[in-house]
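Engineer: Dropping a structure here in structure tokens format, bear with me for questions.
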Amino acid sequence: SVGFKAGVKDYKLTYYTPEYQPQDTDILAAFRVTPQPGVPSEEAGAAVAAESSTGTWTTVWTDGLTSLDRYKGRCYHIDAVPGEDNQYICYVAYPLDLFEEGSVTNMFTSIVGNVFGFKALRALRLEDLRIPVAYIKTFQGPPHGIQVERDKLNKYGRPLLGCTIKPKLGLSAKNYGRAVYECLRGGLDFTKDDENVNSQPFMRWRDRFLFCAEAIYKAQAETGEIKGHYLNATAGTCEEMIKRAVFARELGVPIVMHDYLTGGFTANTSLALYCRDNGLLLHIHRAMHAVIDRQKNHGMHFRVLAKALRLSGGDHIHAGTVVGKLEGERDITLGFVDLLRDDYTEIDANRGIYFTQSWVSTPGVLPVASGGIHVWHMPALTEIFGDDSVLQFGGGTLGHPWGNAPGAVANRVALEACVQARNEGRDLARQGATIIRNASKWSPELAAACEVWKEIKFEFPAVDTLDKKKG
């Protein structure tokens, strides 16, 4: 037969193309590749391109029925990782026709599918994606975005304040609603369902939604401010999830919530579409992310999950704290925080950004700082995250010695003091502790909080760090 030669041939003969110039419409991926001993970097990079696009382990005669040159992924550039003996950043370009429009699910099934179990590689990590403008425009993106959210809430010029209700499991709906009310009347903008609060025997979802709505309306009437509680609509089926979102809308509350990784991108995109059509804000929790993103040499970096969320849809997403109890190196964290909020981000190796990314006016997502933070962290958080963020204090509100409402007062006073000091041109990084101490002189609630948490720190080295040359 003409043009078909059976057998196995090296991937690099077809899929390693250093002369290729990436197209504006290509999806570009940066993979951290650790080949097995004896496997050259070109073969490893080509194998990744092949297995995540049109290739398989042997030549097949049906290759002749299509144009492989049109559809194949191409490994077009390889950099050795500084400080590592056998690790490479392999850049792969994928033609846009390989992907279904508006489907994060399909994009990930191709790019981070079977290839991650490939035997020729010891480890593989997807570090970054460049999503082309042509593909971004097939997604709705966040239901509303940062500016529309501020307009809905009538809150400007400062970060928003939140609190996760604790204990996360075990409260009855009535007591849960009471905790929500105390936090909101004390000065918080939002309270939050914990990510694992769905509809358990001790508190069914419908009861929780009702008592939380009552708490919201009561707190709004007392404070004159718009309040919200992230009602977790995550459920065992998509139909049940939408049913819960519909009930939230009927109650007239402003925001619902979804666990986007455990719930899945298909469910998340459906919920985001519903939220846009029905005026609901959508808070996103990233439960399960560390299973995927914590190891430096295998898995997928959170910046990729963040980009995927901006495509799929969400108005808030948890993004680490830099200063609290959960993983997050400052430069890396700020890199993906900007990817969430900004319309255009330049390539920047110092922040782990491998590609220049334009979002063509896709709404931005508010990063949420949450996990082990308290009033002494407020100056650093205000400086690091800026106004367009949500600062969430769970234990840092509910752990106040006088109760929830005073805990909320302490956080609000600390935030307002930091914002005022920043607006006056003071250096929050250097003068933060002084700013908090001065504010506590006229707020007994803040003074009590300062006393409780004055010694608490979570200081461990980050696992996921930038690559630096040895020596």
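Any Cβ shown, glycine's included, is placed from N, Cα and C.
The active site, proton acceptor annotation in Swiss-Prot covers LYS166, HIS285. Annotated substrate binding site per Swiss-Prot: ASN114, THR164, LYS168, ARG286, HIS318, SER370, in sequence order, evidence recorded as sequence analysis. Residues or ranges marked as Mg(2+) binding site in Swiss-Prot: LYS192, ASP194, GLU195. Annotated N6,N6,N6-trimethyllysine per Swiss-Prot: LYS5, in sequence order. Annotation source Swiss-Prot lists N6-carboxylysine at LYS192. Annotation source Swiss-Prot lists site 'Transition state stabilizer' at LYS325.
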Engineer: Between the recorded positions LYS5, LYS168, HIS285, ARG286, HIS318, where is the Cβ count within 10 Å the lowest?
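Structural biologist: LYS5, out of the recorded positions LYS5, LYS168, HIS285, ARG286, HIS318, has the fewest neighbouring Cβ atoms within 10 Å.
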Engineer: Can you name every residue in this chain, apart from LYS192, ASP194, GLU195, with its Cβ inside 8 Å of the center of the Cβ atoms of the recorded Mg(2+) site?
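Structural biologist: Filtered neighbour residues, in order: THR164, ILE165, LYS168, ASP193, ASN196, VAL197, TYR230, ASN232, MET257, HIS285.
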Engineer: Select the most exposed residue of ASP194, GLU195, where exposure means the fewest other Cβ atoms within 10 Å, treating these as the binding-site residues.
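Structural biologist: Comparing Cβ neighbours within 10 Å for the binding-site residues ASP194, GLU195, ASP194 has the fewest.
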Engineer: Which one is it: of the recorded positions LYS5, LYS192, ASP194, GLU195, HIS285, whose Cα lies the shortest distance from the Cα of LYS168 (substrate binding site)?
Structural biologist: ASP194
Engineer: Which one of these recorded positions, LYS166, LYS192, has the sparsest Cβ neighbourhood, judged by other Cβ atoms within 10 angstroms?
Structural biologist: LYS166
Engineer: In the structure shown, with every protein chain counted, which of the binding-site residues ASN114, THR164 has the densest set of Cβ atoms within 10 angstroms of its Cβ?
Structural biologist: THR164
Engineer: Of all the recorded positions given, namely LYS166, LYS192, GLU195, SER370, which is spatially nearest to LYS5 (N6,N6,N6-trimethyllysine) at the Cα level?
Structural biologist: GLU195
Engineer: Which one is it: of the recorded positions ASN114, THR164, LYS166, whose Cα lies the shortest distance from the Cα of LYS192 (Mg(2+) binding site)?
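Structural biologist: If we rank ASN114, THR164, LYS166 by Cα distance to LYS192 (Mg(2+) binding site), first place goes to THR164.
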Engineer: List only the single closest residue to HIS285 (active site, proton acceptor), chosen from the recorded positions LYS166, HIS318, SER370 by CA-CA distance.
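Structural biologist: Considering only the listed recorded positions, the nearest one is HIS318.
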Engineer: How many Å separate the Cα atoms of ASP194 (Mg(2+) binding site) and THR164 (substrate binding site)?
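Structural biologist: One finds 6 Å between the Cα atoms of these residues.
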Engineer: How would DSSP class ASN114 (substrate binding site) in three states?
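Structural biologist: Looking at the DSSP assignment, ASN114 (substrate binding site) belongs to a helix.
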Engineer: How far is it from HIS318 (substrate binding site) to GLU195 (Mg(2+) binding site), counting Cα to Cα, in Å?
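Structural biologist: Just about 11 Å between their Cα atoms.
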Engineer: Where the distance is taken from Cα to Cα, which of the recorded positions ASN114, LYS166, ARG286, SER370 turns out closest to GLU195 (Mg(2+) binding site)?
Structural biologist: ARG286
